[in-house]
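Working notes, structure below.
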Amino acid sequence: MTISQAAGNVCTVSTLATEKQETVNSAESQVIYLPNTDCTIKSQASLSAFTSYRVGGAAEWFLAPRNLETLQAGTRYAKERGLSVTIVGAGSNLLVSDRGLPGLVIATRHLRHSHFDQETGQLTVAAGESIPSLAWAAAELGWEGLEWAVGIPGTVGGAVVMNAGAHNSCIADMLVSAQILLPDGTLETLTPAELGYSYRTSLLQGSDLIVTQATLQLQPGADPAKVLAVTKQHKQHRLTTQPYNFPSCGSVFRNPKPYSAGWLIEQTGLKGFQIGGAQVAQLHANFIVNRGGAKASDIFCLIRHIQHQVQDRWSIWLEPEVKMLGEFQPAC
Ligand SMILES: Cc1cc2nc3c(=O)[nH]c(=O)nc-3n(C[C@H](O)[C@H](O)[C@H](O)COP(=O)(O)OP(=O)(O)OC[C@H]3O[C@@H](n4cnc5c(N)ncnc54)[C@H](O)[C@@H]3O)c2cc1C
């Protein structure tokens, strides 16, 4: 059963647009037609709407492809011009610098399709599909396996890269394979073993490989009411234990086992501590929330402050889970 398809037919490959010319919109912003597509690349596009923190400067160039061919055309365009490529999924694990990002930023959120195969119990999904939406869709069909993921507000691509997880499950446990776009423009299918998974980590992090699609093994045939009830329970647990009412990136730091980062931060007396609009959440000390008007630099400085305070008290240097992109002032 195919649940969704690419919404609309914009930003697709087209033979009509080959001759379209660069259009200058204003002194600061340009819109360029991507060769052989009807998709545009914009300059100086603000990224704050593309991160769950709601902060960040502008992308030098920005593209939001709606299909694989346009994604490939975008990476080709970047390669020909020597532009770096940065991939943004739902931006729910990103801190983008106030100074913005150089090169081409590609947002994958419009790469959408999903197919539930009744015979194999496999769910094949495009990189831009939303993890919570898939968890709800699977539950409504009576497919078990994604209940744990309902509170993770990322895309499939981001989850495969980050090895997203919760409630003692993670994406690596159910990943059958991931389709990857290589820098030379070709596609390759990789297995979890080839992706080198461990806690919130994969070999994809820091690489120039792009996840375009993933296949997950689920278990069909359960009572939808039962799967929906478990999914709702997980969602409810999140809402009561984590601050979903303010912009955040979820947990900021990895848990330095055997400790939890949240416990260390709370015991250091940092709950509620604020720099500018960025605050250590009262509800969960491993969350930094944007209380309104925060800059990326406020969040960055709060991360550094927490690291130093926890180091002084516990001799443990907390490693960020959040991916920091762009330039940040080393001193706060
Ligand atoms: C309220 C809240 C709760 C959260 N709870 C959890 C939780 O319980 N468990 C958990 O694991 N995480 C959690 N997170 C963090 C986050 O949702 C996950 O890390 C998620 O998997 C990130 O997906 P994304 O699409 O937003 O990726 P992004 O944040 O956009 O990107 C993350 C990294 O992946 C790369 N990337 C993204 N898509 C692709 C792609 N298609 N190809 C190649 N690289 C790509 C980016 O370049 C970046 O390096 C939470 C976040 C929030 C805001």
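Glycine residues also receive a Cβ, built from the backbone N, Cα and C atoms like all the rest.
Note that the coordinates shown come from a computational prediction; the quantities given were computed from them, not determined experimentally.
Quick look at what TrEMBL lists:
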| type | residues | note |
| --- | --- | --- |
| DOMAIN | 54-221 | domain 'FAD-binding PCMH-type' |
| ACT_SITE | R200 | active site |
| ACT_SITE | S251 | active site, proton donor |
| ACT_SITE | E321 | active site |
Integer Å distance between the CA atoms belonging to the residue listed as 'active site, proton donor' and E321 (active site): 7
Coarse DSSP state, helix versus strand versus coil, of the residue listed as 'active site, proton donor': strand
The residue listed as 'active site, proton donor' CB neighbourhood, other CB atoms within 10 A: 21
CB contacts for R200 (active site) [other CB atoms within 10 A, all chains]: 17
Mean per-residue pLDDT computed across the domain 'FAD-binding PCMH-type' (54-221): 97
Around the Cβ of E321 (active site), the count of other Cβ atoms that are within 10 Å: 19
Alpha-carbon spacing, the residue listed as 'active site, proton donor' to R200 (active site), which is rounded to whole Å: 11
